[in-house]
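Novice: Encoded as structure tokens, here's the structure I'll be asking about.
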Amino acid sequence: MPGSLRIGKIWGIDIAFHVSWLIIAVLLSWTLETGWFSVNYPGWSVGAYWSVSILATLLLFLSVFLHELAHALVARARGLHVKSITLFIFGGVSNIEQEPPAPDIEFQMALVGPLTSLALGGLCGLLLLVIGSKTSPVGAILGYLALTNIFLGIFNLVPGFPLDGGRVLHSIIWKLRGNVHVATRIATRVGQFFAYLFIFFGLMSFFRGAYLNGLWIGFIGWFLLMGAVSANNQSMLETMFKGVHVDDVMNRGPATVPANISLQKLVDDFLLPHGWRSAFVMQVDELVGLITLSDIRHIPRAQWAQTPVGFVMIPLARLHTVTAEQSLNDVLPLMVGQDLNQLPVVQEGHLLGSINREDIMRFVEIKRSLGLDQVNA
Ligand SMILES: [Zn+2]
């Protein structure tokens, strides 16, 4: 995630925090100092209020981290690869590279987060009872952590994507109905309902004069709504491309040029007359690279006549290639993630064709026109 700072590694998982968290940390410490500890625990020194506020903020940060770590460790114990945990404005995100392969695994992975928060809250509450001095600085911090962790646990159980509760609901429907896409559709609808509920209460509070709370609740609702919509879109695309292979949508006659011609000849005889923006470069009948307009632009025009295409092209070793048998659901994340417009389809060094975004869009358009894009719920 851009704007993240790495702070270390635990059990092979990168731990980072997003710069936005620093702003929240300052705001939260300040809010706690002025609006919580000095109001609820009168009679301390200014220094005590600030120390307690900063310490409480850091411990809350640690609580959120433990919540995320619980998700990550369960995911890893179930065989999923966890790359990193990033802490940011709302809490944290675990960068788990695969979707859970079965509903039971998703259920365990999602539920362990809120359970961790509730357990931490319970533990802090218990410690508070043990030490008995509710008005001391230590008691004040324990009380605050008990409240916030229990709130975090309950809030995360709200069944709205992308909250943990939404994933728990998703896994239960998945188990009952046996179809992950149907589960996504139902769970995201429930998620949207809760999102609108948050937005509605946010607006109500705002117009009743609780401006900041209203905005905050409304903002959470909007965030949930975006999460639900994007999860649903993703699932619809996956359904549409289920069982579709590269072979079904690839262009069998992609633009090719020989490696030994000059850039001048490439421009005059191939790119300009055909309107091509790129071409695969061939040596006899083997694919050796790709040449695009931006590669040519880097070479001064005076040198075009003497420079062979093979010198300027992106060599095969630096290209992503796919095979005809690959599923489109595997290829699309690569194209979107790396922002690639087209990929060569290769078999034992031979170019079978190319797959590009326009062909995929056309495929989607035809399916949609024929009404073949509906999920059977
Ligand atoms: Zn969580």
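Each position is counted from 1, following the chain as shown.
Cβ atoms here come from the backbone N, Cα and C positions, even for glycine.
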Novice: Quick one: which of D14, D104, D164 does TrEMBL put in the Zn(2+) site with H67, H71?
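Specialist: Answer per TrEMBL: D164.
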Novice: What's the most sparsely packed of the recorded positions E68, D164, counting other C-beta atoms within 10 A?
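Specialist: Least crowded of the recorded positions E68, D164, by Cβ count within 10 Å, is E68.
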Novice: Of the stretches 12-32, 108-131, 186-207, 214-231, which racks up the most C-beta pairs under 8 Å with the transmembrane segment (138-158)?
Specialist: 108-131
Novice: Are there residues at least 6 beyond the ends of the transmembrane segment (186-207) whose Cβ is under 8 Å from a Cβ of it, and what are they?
Specialist: 158-161, 163, 166-167, 169-170, 173, 213-222, 224-225, 227-229, 231-232, 235, 377
